[in-house]
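J.: One structure coming up, written as structure tokens, with questions to follow.
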Amino acid sequence: MTNTRKSHPLIKIVNHSFIDLPAPSNISAWWNFGSLLGVCLGLQILTGLFLAMHYTADTTTAFSSVTHICRDVNYGWLIRYMHANGASMFFIFLYFHIGRGIYYGSYTFMDTWNIGVLLLFAVMATAFMGYVLPWGQMSFWGATVITNLLSAIPYIGPTLVEWIWGGFSVDKATLTRFFAFHFILPFIITAMVMIHLLFLHETGSNNPSGMNSDSDKIPFHPYYTIKDILGILFMMITLMSLVMFTPDLLGDPDNYTPANPLNTPPHIKPEWYFLFAYAILRSIPNKLGGVLALVFSILILMLFPILHSSKQRSMSFRPLSQCLMWMLVANLLILTWIGGQPVEHPFITIGQLASVTYFFTILILMPSTALMENKLLKW
């Protein structure tokens with residue numbers, strides 16, 4: 001008789017995805033982030049569900065309902081800070097996951113890569129709307145500034161902004177709809193993750209060498225299940241250390257002041273994981289230009305498969321491309337730092353230089369260096 005694991009219509013899907021899945025024998029810890037992102041998503045949905053049980057999406061009570069969660073609900077503080085810091089962990093892993101994809105040339109799986117970029121957009125939208133919900137100063141002004149950017153769209157812009165707001169300013173209608181979208185999007189993200197995995201399992205995983213690994217596969221379970229569990233353990237240690245010792249380390253103190261439309265905070269800035277994009281947005285003096293640069297700074301990821309000009313897939317054996325890759329990482333860290341600084345000299349100039357370097361590295365330097373490496377290897 002056939003094993004239930006292999007014959008049951010539902011269980012066999014799980015079996016082919018997580019148990020009997022043939023995986024390359026040499027994938028490193030950089031391949032752990034996919035499963036960590038899955039755990040993060042589950043954790044966010046779970047903690048978010050419990051928060052939604054006590055939260056009220058109304059401008060008069062939203063702030064005090066969050067206070068009530070932290071003070072009066074059993075372990076409410078724990079759930080709230082796990083959700084807030086869980087989002088930070090989510091983005092750390094997302095950026096590592098994308099960085100791994102760029103370094104090892106995983107973007108050549110175009111279907112998987114493109115759905116991944118769409119996933120990034122969906123997660124960013126979810127995080128942005130979630131940040132608005134506590135209705136603190138930074139929530140309100142962040143929502144006002146970012147939604148206002150859409151007014152830069154020619155002809156339909158101003159109407160579109162008022163349509164999103166549900167009025168003539170960020171108010172009760174905006175908060176209610178943001179809560180609704182923030183609740184539904186993670187489930188849409190979960191569906192997209194399944195499509196992401198479906199496309200990945202059509203081709204199988206990439207590996208550090210970038211070569212075909214069909215001749216050397218091992219079963220996912222127990223080898224990579226145990227490896228993933230170790231990764232999850234490290235993640236939980238980091239997350240719980242953050243939550244227990246410095247829960248507000250990554251947050252903004254301004255968000256502990258209830259939203260006040262009559263008083264603007266001294267420095268309006270998003271959460272740390274959006275600062276690099278915010279810096280690119282601010283580095284262009286024109287509103288529409290800034291918005292286009294902001295969108296393109298993420299959308300540029302979709303160009304990686306087209307711009308790939310090397311005869312090798314991975315950067316493992318390409319020292320010059322490796323240098324550029326780490327230059328890009330350093331560049332993004334500089335942009336993140338600039339995004340959190342006030343708009344004054346010398347930060348404006350540094351931000352503009354870093355923004356230009358970001359696009360120049362991806363669009364010009366990386367493809368031309370890859371071509372040069374081909375020449376050096378007489379290909």
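Each residue, glycine too, has its Cβ placed from N, Cα and C.
Quick paste from Swiss-Prot:
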type     : residues      : note
BINDING  : HIS83, HIS182 : heme b b562 binding site
BINDING  : HIS97, HIS196 : heme b b566 binding site
BINDING  : HIS201        : ubiquinone binding site
TRANSMEM : 33-53         : transmembrane segment
TRANSMEM : 77-98         : transmembrane segment
TRANSMEM : 113-133       : transmembrane segment
TRANSMEM : 178-198       : transmembrane segment
TRANSMEM : 226-246       : transmembrane segment
TRANSMEM : 288-308       : transmembrane segment
TRANSMEM : 320-340       : transmembrane segment
TRANSMEM : 347-367       : transmembrane segment
J.: Return the member of HIS97, HIS196, HIS201 nearest to HIS182 (heme b b562 binding site) in space, with distance defined Cα to Cα and candidates limited to these binding-site residues.
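T.: It is HIS196, whose Cα lies nearest.
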J.: Between HIS97 (heme b b566 binding site) and the residue listed as 'ubiquinone binding site', how many Å separate their Cα atoms?
T.: 17
J.: Given pairs 6 or more apart, does the transmembrane segment (320-340) have at least three Cβ pairs under 8 Å with the transmembrane segment (288-308)?
T.: no
J.: Between the Cα atoms of HIS83 (heme b b562 binding site) and the residue listed as 'ubiquinone binding site', find the distance and write it as a whole number of Å.
T.: 30
J.: Taking every protein chain shown into account, which of the binding-site residues HIS97, HIS201 has the largest tally of Cβ atoms within 10 Å of its Cβ?
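T.: Buried the deepest by this measure is HIS97.
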J.: So for HIS83 (heme b b562 binding site), how many other CB atoms are inside 10 Å of its CB?
T.: 21
J.: For HIS182 (heme b b562 binding site), just count the other CB atoms lying within 10 A of its CB, please.
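T.: That number is 21.
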